[in-house]
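Annotation source TrEMBL lists coiled coil at 651-698. Sequence annotations record features per position, and here TrEMBL assigns compositional bias 'Basic residues' to 1-29. Here TrEMBL flags 465-481 as compositional bias 'Low complexity'. What TrEMBL records for 1-35, 465-516 is region 'Disordered'. The annotation transmembrane segment is assigned in TrEMBL to 82-102, 108-127, 162-180, 200-221, 242-269.
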Amino acid sequence: MLLERKSRKGKPTNTHKHSSSSRLPRRVKMASSTPRVAGVPTPIRAITTPLRSSAAPPIPPASQLYEPLAKAVLRRRLTNRIFPYTFLVALAGAVLSFFWVGRLALTRVMGVGVGMWLGGVLPVILLRKAYLTVTHTSAPSPLLLLQKSFAPPLRTRTKHALQAHVLSALVVLALHVGVVDPGVPVFIRSRKHPYTPHPVFVLLALSQIILAGVYVLRALLRDVWVFPFRRPTLTPSASGIFAPLLLAGFAPFAALVILFVVVPILRWIPLVSTLLRPILRPHLSVLRFFPRAAALGALTGWVWESAAGVWGWGVGEAVHTTPAMRALVSGISVAVTPAPVPAHSGSAFTSAASSAFSTPASSSFVARSSTFLAPPPAPAPIPPVPPMSIYTHLAYTELLAFSSSSEPGAAKARAEAFDVDGAVWGRLAREALVLIGREYQVLLARGAALTPASKPVAASTAAALTPAPSTADTPAVTPSPLLKKNIFAPKGPPSPAEAHSRASSSPPSPPLTAIPKAVPLPKKLVDAVPVPRVPEVQWQWRPLLQAVIPLVPMPEWVKRVAEGAMRVGEMGVPRAWSMKRKGREAAGWVPRREVCVEAIGVLTHLTCASLTEDRFGVVQRDIPRILEALLAFLAAVEDAQAALRPPVKEMPEAEKEVIELLEKVDEAVERKEQKEKRERAMERRRVAAEEAAHLEEARTVLGEVGDALKDGVARIVRTFGDKLRAFRFPPRTAARLQGFLEYHG
């Protein structure tokens, strides 16, 4: 033992070094085996292995992530459902056409079916596919709706619709004349004019063209290009059965009127008669083809209506692309500006929501400068709002299904939205609030679209106060000096002594011979005087026709028809076409109400689910902003509904006495006047009933958004309850929220 101790004292061992080196990793041991300087400790470097990246990867745009998935689903539906079903519709139309003639042949039926599908159905399907939208096209009256449809933004769609339907109608006519019934004459039998069209063929072609125009008019009034939010069934409706019959009965009648009335009148015009020379004058034998034209029109309209029903049934079904929440959130992009940088006091969409839900009055007071003459800073221009895609609606539909479901798979998908980085939730909340905010601004403007901000008035006023530089035509204006005395002091007549002293002190007047020459006036002196603007006389065609008709040699019956047409033109369009309907007007206040309702449902359902599923609290900080936005939108909807209520006026006693006196006087009036009075009263009651129906329709349209807002706020209040007292709200929002809390808490 003593020897061992001496040996240890004599030759100390480095036990600490060996023990520490034994615990080093393999890489460190290899490094320690290298030659090193004595007395210098061995450097130890830690291996950096971060658990997660510092910045989350950005969500790609919808064109790269969600739209390819949705397009693949819609493409499969188009090829596997819509095309086969519409081909069966065209084949049934071919069978009906051959059954009308009375001879059936399988090869001809298949050939006509394929031709009818390619030329009669496929153009209509491609037209619906190209112009499918989620935004309603509405106007207060049918006349304004037609004017809006032929305006530049929608003119291309209307033109393509007319071209597609006219082409489809003429293809059906060509198949009927060339294959189904070759006995229908196309050209007249003449060696001199072998290619002159037969009046029967002209009647059929004109009837088909009129049918196409009337069907497009019906499509414009019904706004058929809107996405079918409520999936229709394959069961035919009453309108789908009787509408083609009514249009098919109207088109041949209008074609006969044009052939027998309008064309003979146009032949008397020199230039037009040259163009109408290839068309022969129709004879009464054409009338026996009236049932043929009506049947052909009914067949064409039935094929179009059935194809439209199959299209709505195939497209309106819910889409199931992917359960990944990140891909679904990428499909709801509606914001033009990039996402703002999240501040320490709020979330990523705080500035977007604040700008979207700020009223014009509050924003004008905030932007006012403290200096009186200094103009306020120019507001940032509002970027043009792009049209909303149908993929936004499809993505919101899938998000609503995941957010409101209680299945384990849906809860797993929602966990991705409540991730620790908050990128998915920030993108979803911002896009939803931007969409709701735009709809809110359109509702405040009563249907007016968002326009770029105009220049401030103060800037233009300050520019007007700055004197303009003088030019050769306009002389420079010298400012007059201020009079520093009381100009409103009363002045009496001067005394005789004062008048005598003034006259004696004034210089003598010059002689009359020294008359100065006339001073030339400036050229722009006359332009400086405001001249009242005389309204320009517009060209009126009706007085011109009234003066020209007696001078042109034409038969007496043609003159009577022309005078009758001018009298009908003086009456104007019927009242039903020009009368404004509150229901259609209110529909323009919320043009994307279905997508807005889906966004409200997604936002509120995810907010409620965050109470138990949000482990990192990425949603809790945004609840006050969400509730404030929803309640502001709800207040705007309630104000619009209150404006639609008819004003109730209480009749004073004096007016009641006058009415009673007039009623007693009316009893002594003749029976004819009493009958007219009753008719006027019935007309007033009918108009009042129509207005009440339109107001009810308008309140129903706004009620869709209002009910969704109320349900969403009530859902959050029922879920959180008294926990909402932990948040801070503005006074107005807190007062509205208190009512929900007392009722649903």
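Backbone N, Cα and C atoms are what each Cβ position is placed from, and that goes for glycine too.
Long-range contacts of the transmembrane segment (82-102) within its own chain (CB-CB distance under 8 A, at least 6 residues past either end) are made by residues 108-110, 112-114, 116-117, 120-122, 125, 175-176, 180-181, 295, 299, 302-303, 306-307, 310-311, 314-315. Panel annotation: around the transmembrane segment (242-269), residues 199, 202-203, 206-208, 210-211, 214-215, 218, 276, 279, 281-282, 286-287, 290, 293-298, 300-302, 304-305, 552, 554, 558, 561-562 of the same chain, lying at least six beyond its termini, place a Cβ under 8 Å from a Cβ of the stretch.
Remote same-chain residues near the transmembrane segment (162-180) are listed as 97-98, 101, 108, 111-112, 115-116, 119-121, 123-124, 126-127, 186, 201, 204-205, 208-209, 211-213, 215-216, 296, 299-300, 303-304 (criterion: CB distance under 8 Å, separation of at least six residues from the stretch ends).
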